Amino acid sequence: MLFLFQDNRIHTSKYSILTFLPINLFEQFQRVANAYFLFLLILQLIPEISSLTWFTTIVPLVLVVTMTAVKDATDDYHSTHLPPSNILYHGVCFLYFTGIVVCEAPNNKLDKFTGVLSWNGSKHSLNNEKIILRGCVLRNTSWCFGMVIFAGPDTKLMQNSGKTKFKRTSIDRLMNTLVLWIFGFLICLGTILAIGNSIWENQVGDQFRTFLFWNEREKNSVFSGFLTFWSYIIILNTVVPISLYVSVEVIRLGHSYFINWDRKMYYSRKATPAEARTTTLNEELGQIEYVFSDKTGTLTQNIMTFKKCSINGRIYGKRNLFFLLLALCHTVMSEENSAGELIYQVQSPDEGALVTAAKNLGFIFKSRTPETITIEELGTLVTYQLLAFLDFNNFRKRMSVIVRNPEGQIKLYSKGADTILFERLHPSNEDLLTLTSDHLSEFAGEGLRTLAIAYRDLDDKYFREWHKMLEDANTTTDERDERIAGLYEEIERDLMLLGATAVEDKLQDGVIETVTSLSLANIKIWVLTGDKQETAINIGYACNMLTDDMNDVFIIAHALESDVKNDLLELACMCKTVVCCRVTPLQKAQVVELVKKYRNAVTLAIGDGANDVSMIKSAHIGVGISGQEGLQAVLASDYSFAQFRYLQRLLLVHGRWSYVRMCKFLCYFFYKNFAFTLVHFWFGFFCGFSAQTVYDQWFITLFNIVYTSLPVLAMGIFDQDVSDQNSMDYPQLYKPGQLNLLFNKHEFFICMAHALFFIPYGAFHNMAGEDGRHTADYQSFAVTTATSLVIVVSVQIALDTSYWTVINHVFIWGSIATYFSILFTMHSNGIFGIFPNQFPFVGNARHSLTQKCIWLVILLTTVASVMPVVAFRFLKVDLFPTLSDQVCCCSADGYLRG
């Protein structure tokens, strides 16, 4: 019989040779400007060749372990034959030989696996704890045999590898709209000029055609207007040059390096710097309205310390033999380092704190095998037979172990959430339950993480019958999970309450100050945590997110899955603070998506663990904290650092600076390019709408590349309207970014308002030079207009620059010097002699710029273009100063006084 198995090759690259072109083109044309540039390239018949991106292949597997080497108490390795009812811990595995496996189809559920292994006439259950997923690490074993279940794209990890969304900023989306507007604007200008050309050709052009030897088709005024339309579209396309997007990416790259190099965001204890893992979202950091934060490990240190416990109705600090349960009921693995010290490998800091507490009080967890757990009880080694392990999950919210002690007694030890465990207590525990509940409320009020502890004595016969039913349930493929859950429920009842534990997870340094500062910046912080309500609320008070003068509103979390989610959102947005407790990772992402979809606000999610990945990916910006929970959150994030307090500097300093710089850059860039381009439009009315350019071709080529590129880059990368300290001291400075005040459609239209053309043209009308010769020729007008333009835009960027550095001075004044150097070189006799066809303006610069009247025209043009801007800004700062203006004035005043 022929079986068709899945190929084990997987592709984690974004592209392949076949898909690169269509996928890359689709993504590139998400930016409307690229379609605009392609259209112009087609008009000018200039091809562009794209390069290929190589793809890689890796080979992961999902493995069922069949044999392993286990390290025993004597530190010797031996092969082990393990019953299928035991658990797979890290490195402690089961023995299965060849057989037939019947299992679920490939799916993306990492926490669930259902299958049955038939071997030697018997059936053994396969569940999630008996398979090794890609990325798992085996410990305490030197070798392992296994059988492949899923391969290639069928592996669970690959089934979870959803499509990565390409995040774009609000400014990128606005730019798409503006490019469409600009294209429509060019169509209008081209249409006006084309109509003008047709009229001019019909009324005046007949007088010139006799000398041009045009054919009959070219004499048609309508066809002439058609050709003129496309000619002007090409001439006027420089309103949005390709250099705009190149400059944007260079500026963003510079901002990313500033984040990476910021020593004030460097965590010296772990030698962890801040890292910008993307270069496309920096200015979005200056527009955040909602921050969604995890609690444990994000606001807190995620370093658990055992503080208190309640035992039999009494509160203890750190004593009692009560700790036997803590030493038995866990998933901790132990190993010894080179110095012979016992080291615990823990899945969560909570378990580590509880096992360590038991160790410190004389109940030392020493080692475990799949069949036993060895404890040192007050100096005596005691080995317990491990009969069953009832694992923890988000639905059960508890875990239990069933062991047989040396005396032969069978006991079930359980720990979990108090609300879950209290429902399963024997009725005789009512008085103790009341006392323990009061203690738990006291612990939670102190911000401690709590667990309830209980046990049950089991009859040997009852346990054998129950265990047989569990084995039968494990070997079935129909409703296995439901049957197992029912058996767990059956045996985890009539528990005897032992007490409760309280573990402290302290706030990180600077959390209170950061929360306060972000709140003053009008940033709303929502805490999304899986902790119980009391603990979450207490942390809210500890962080100053909640205050005594606030009214509490409690909402069931189920609202996310119902028709009232919009009402939930409206209510939540009316609140100053929102704390969501007992939420799953999926619900965290749902909350973020809800705000993104219906509030049209820029969101940021910050977390430190794998359970925060969905939330981090859902938000506009994801921030990962490299803490105790590994690197899953960091790897899924856009920005990462080691402490929550660095979020304040990331947003209020780097985010705000990036937003202000990008807005000033875009305003100036559109200003200079409209000033550069619209001269051609106005000139069309005086040249018979002939599509004649004002400037020579070399100036058109070099204007954006050489003459004006570096000054605007310097401003976009280095400019600071206020210092970093002022940005931290005055969080209200952050609000303009949230309101999108610095670059919007209104500011864009202001950039278009100028009339650089008319002063030089009016001055050249019947103008004579100092020698009495007529200077109103085309080449002199072109040089004068070009020189005026370069000086005007250079003075304008000098006015726009708030923070002067040596680089700014060199780039601005150096660009003017470069312009004159190139101008005189290209108009020299020498280069004309070498390339007469490429440099026709021979001697014009020397002739024109030695005339005093030309310099007077340039001065008049500069003053007329700049003075309205200076006057408007002076009056605005004097009469309607912004907070930034006030901070600058206060800083300058303090500096002068000092």
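Placed from the backbone N, Cα and C atoms, the Cβ positions cover glycine too.
Residues or ranges marked as domain 'P-type ATPase N-terminal' in TrEMBL: 5-58.
For 634-882, the entry in TrEMBL reads domain 'P-type ATPase C-terminal'.
Sequence annotations record features per position, and here TrEMBL assigns transmembrane segment to 36-67 (among others).
Taken from TrEMBL, the feature transmembrane segment covers 87-105 (among others).
Taking Cβ pairs closer than 8 Å, the transmembrane segment (178-200) reaches residues 32-33, 36, 221-222, 224-226, 228-230, 232-233, 236-237, 239-240, 681, 684-685, 688-691, 745, 748 in its own chain, all 6 or more past its ends. Sequence annotations record features per position, and here TrEMBL assigns transmembrane segment to 178-200 (among others).
Summarising the annotation, TrEMBL assigns transmembrane segment to 220-246 (among others). Long-range contacts of the transmembrane segment (220-246) within its own chain (CB-CB distance under 8 A, at least 6 residues past either end) are made by residues 31, 33, 36-37, 40, 43-44, 179, 182, 185-187, 189-191, 193-195, 197-199, 201-202, 205, 669-670, 673-674, 676-678, 680-681, 684, 689-691, 693, 700, 703-705, 709.
What TrEMBL lists as transmembrane segment is 665-686 (among others). Through the fold, the transmembrane segment (665-686) approaches residues 171, 175, 189, 193, 196, 232, 235-236, 238-241, 244, 247-248, 251, 692-695, 703-704, 708, 712, 715-716, 742-743, 747-748, 750-752, 754-758, 761, 785, 789, 792-793, 796-797, 800 of its own chain, all at least 6 residues removed from its boundaries and within a Cβ separation under 8 Å.
Under the heading transmembrane segment, TrEMBL lists 698-718 (among others).
Positions annotated as transmembrane segment by TrEMBL: 748-768 (among others).
The feature transmembrane segment is assigned by TrEMBL to 780-799 (among others). Remote same-chain residues near the transmembrane segment (780-799) are listed as 668, 671-672, 675-676, 679, 694-696, 699, 703, 707-708, 711-712, 715, 756-757, 759-761, 764, 812-813, 815-816, 819, 823, 827, 841, 844-845, 847-849, 854, 857-858, 861-862, 865-866, 869-870, 873 (criterion: CB distance under 8 Å, separation of at least six residues from the stretch ends).
Annotation source TrEMBL lists transmembrane segment at 811-834 (among others).
The transmembrane segment feature in TrEMBL is assigned to 854-875 (among others).
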Contact set, same chain, for the transmembrane segment (811-834): CB under 8 Å, 6 or more residues outside the stretch: 696, 698, 702, 706-708, 710-711, 713-714, 783, 786-787, 790-791, 794, 797-798, 801, 840-846
